[in-house]
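What TrEMBL says about this one:
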type	residues	note
REGION	17-37	region 'Disordered'
COMPBIAS	17-31	compositional bias 'Low complexity'
TRANSMEM	148-170	transmembrane segment
TRANSMEM	176-198	transmembrane segment
TRANSMEM	210-228	transmembrane segment
TRANSMEM	257-274	transmembrane segment
TRANSMEM	286-306	transmembrane segment
TRANSMEM	347-367	transmembrane segment
TRANSMEM	379-401	transmembrane segment
TRANSMEM	413-431	transmembrane segment
TRANSMEM	438-455	transmembrane segment
TRANSMEM	475-503	transmembrane segment
DOMAIN	527-650	domain 'STAS'
Amino acid sequence: MGNADYVYPSTSDEAAAAAGECNNDNNNSSSHSHKVAIPPPQPFVKSLKYNLKETFFPDDPLRQFKNQSPPRKLLLGLQYFFPILEWGPRYSLEFFKADLISGVTIASLAIPQGISYAKLANLPPILGLYSSFVPALVYAMMGSSRDLAVGTVAVASLLTASMLGSQVSAAENPQLYLHLAFTATFFAGLFQAALGLFRLGFIVDFLSHATIVGFMGGAATVVILQQLKGILGLDHFTHATDLVSVMRSVFSQTHQWRWESALLGFCFLFFLLVTRQFSKKRPKFFWVSALAPLTSVILGSLLVYFTHAEKHGVQVIGQLKKGLNPLSFGDLVFVSPYLSTAIKTGIVTGVIALAEGIAVGRSFAMFKNYHIDGNKEMIAIGTMNVVGSLTSCYLTTGPFSRSAVNFNAGCKTAVSNIVMALAVMLTLLFLTPLFHYTPLVVLSSIIISAMLGLIDVEATLHLWSIDKFDFLVCISAYAGVVFASVEIGLVLAVGISVLRVLLFVARPKTFILGNVSNSGIYRNVEQYPNAATVPGVLVLEIDAPIYFANSSYLRERIGRWIDDEEERLKISGEASLQYVILDMGAVGNIDTSGISMLEEVKKVTDRRGLKLALANPGAEVTKKLNKAKFIDNLGPEWIFLTVGEAVGACNYMLHSYKPAVNDDPHKDESVV
């Protein structure tokens, strides 16, 4: 009995007969069933090499080096780490014109945003300009994105302030706080570059889309709440970031609210939101919203200068130091108890910055139909942060708002970052005194305007309509950030995402398959209600690899499917269950616990007088089942290439004889 020794009617005819549908007139001939092949054994070293390659080098970056001369290999290696060597020789005047416009445009946004985000991180405002100069030059040489505009970001700035502020007060010990910020940036860069060099970019993938939407929305809300200090002109404010603490701090100081500051802040916020909405509706006028922050800074500075508003409660930036970035490699802190804080801050902010930068770069690369190597981007972003930490910069990445302006301005290459860096350099050399009278309330308005764009309500509602669990992850991340802290929100979101992965592995789906009428195709009866089950045969599909984490669940679930099917047949009065077929097509791999589970299922089916069959096992599964002697135990004739052939064989046996319950599981194989 089985597919090794017998000739059965064709799959289509048997499937139709089993389903009660005998409408195929062109399948009247008989054919031999195909035998499932056992893959030849592979040497352990070769198998290990293949698995390592698929894990760490899925994009096969070394392919371009094959059959190349040593000088060519050297050039390709340099081009891999410095893409500017690849596209630089082809650079044209036409490209430069486009990049010049883009670079000047993003510089007008980078200058006020850089100052604002540095204040958000409780760092000297000049660091925001430093961080838009050196890192941009490094990325232009090493980055593979044509559209990413480098600079500081609000979320990383907030994380820096929150995590470092828990150890050192920026107000009481500004020098140590500044040095810790450089040290955290140094470790962030090392971590980012290491992820890229060791091909560990998949770690960032644990920050799912839902996690990022919720975390970014929560962080944006926290940042907006923090700006109430600047909007209301408060001198003292809570260092906590949760909603309750911020609201308590705001409303416990109502007597210190400054209406002049609030009026100025809301006016500029209204101006920024109107210009952004205008540019959104009319994309050709993208430059209107791009220039709005710098325009606000200029107008605010002029207003304060001519009205002497700083004497009436409107706080200003004050003196900014002229000159280029001073070296800071001697300021890094490698002593306890501060070293652990710097490392922890660097790793957390580094992962967030990577996730944002790579996601933004890939988004715009998709629009222009070119590819971005995630690991190469990690090396570029990590290197620019290491170099930045040695030149008085703090954490930088590719912010969405600045990159969107760069994209809309028509940038062609990363030269737009060089143009921006040169514009910032000129500002550092000659224009910093002009920012003396810039009111802090304008910076708060710029930050609030930018953060409102990060609260993606539409994406959250989309998650609700598509996947409720993703929505739960998103809301958990948001609530954790807003009501607890940024760190707790991040840990909560990642924890729930990992829990979901574990649930996918530990609780895989199993389905009853039925025959789609007039075909030999078997599909899930819940998805295809018209698919007919086969009398006396239970066909189950296992929709995941079988590992130690899910083997016990699958054993119990298969037993429950059998119980349910026998109960259903008993109630309906149909023929009793005789065969159980497991469709293994979706089982990509199996471990020893999974094999033990199949052995236990076979023992259970034998005791109940049922016959177990497997259909469509993959190469890896078949190889391991053969090594474990499970195929010999089950009988090679009960391993089938397709579900249709398995059903055909079982249906043939049902029509040939009635199996009896016996203690010898192989006794029925000699009947025919």
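Glycine is no exception: its Cβ is also placed from the backbone N, Cα and C atoms.
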Top stretch among 148-170, 176-198, 286-306, 379-401 for CB pairs under 8 A with the transmembrane segment (347-367)?
379-401
Of 148-170, 210-228, 286-306, whichever stretch has the most CB pairs under 8 A to the transmembrane segment (413-431):
148-170
For the transmembrane segment (210-228), which recorded stretch in the set 176-198, 257-274, 379-401, 438-455, 475-503 gives the largest number of Cβ pairs separated by under 8 Å?
475-503
Cβ pairs under 8 Å with the transmembrane segment (257-274): which stretch of 286-306, 379-401, 438-455, 475-503 has the most?
438-455
Can you tell me which of 176-198, 286-306, 379-401, 438-455, 475-503 gets the most C-beta pairs within less than 8 Å of the transmembrane segment (148-170)?
379-401
Could you tell me what the rest of the chain brings near the transmembrane segment (379-401), counting residues at least six beyond its ends with Cβ under 8 Å?
81, 109, 113, 118, 121, 123, 127, 130-136, 138-139, 142-145, 148-154, 156-157, 160, 181-186, 188-197, 325-329, 332, 349-350, 353-354, 356-357, 360-361, 450, 453-454
The transmembrane segment (438-455) versus listed stretches 176-198, 286-306, 475-503: most Cβ pairs under 8 Å:
286-306
Positions whose Cβ lies under 8 angstroms from the transmembrane segment (176-198), at least six residues beyond its ends:
56, 121-124, 127, 160, 163-165, 167-170, 204, 328, 331-334, 338-339, 341-343, 345-347, 349-351, 353-354, 374-390, 392-395
For a three-state summary based on DSSP, what are the helix, strand and coil counts in the domain 'STAS' (527-650)?
66 helix, 21 strand, 37 coil
Other than its close neighbours in sequence, what residues sit by the transmembrane segment (475-503), given a CB gap under 8 Å and a spacing of at least six beyond its ends?
158-159, 162-163, 206-208, 210-211, 213-215, 217-219, 221-222, 240-244, 348, 352, 460, 469, 549
Mean pLDDT over the domain 'STAS' (527-650): what is the value?
94
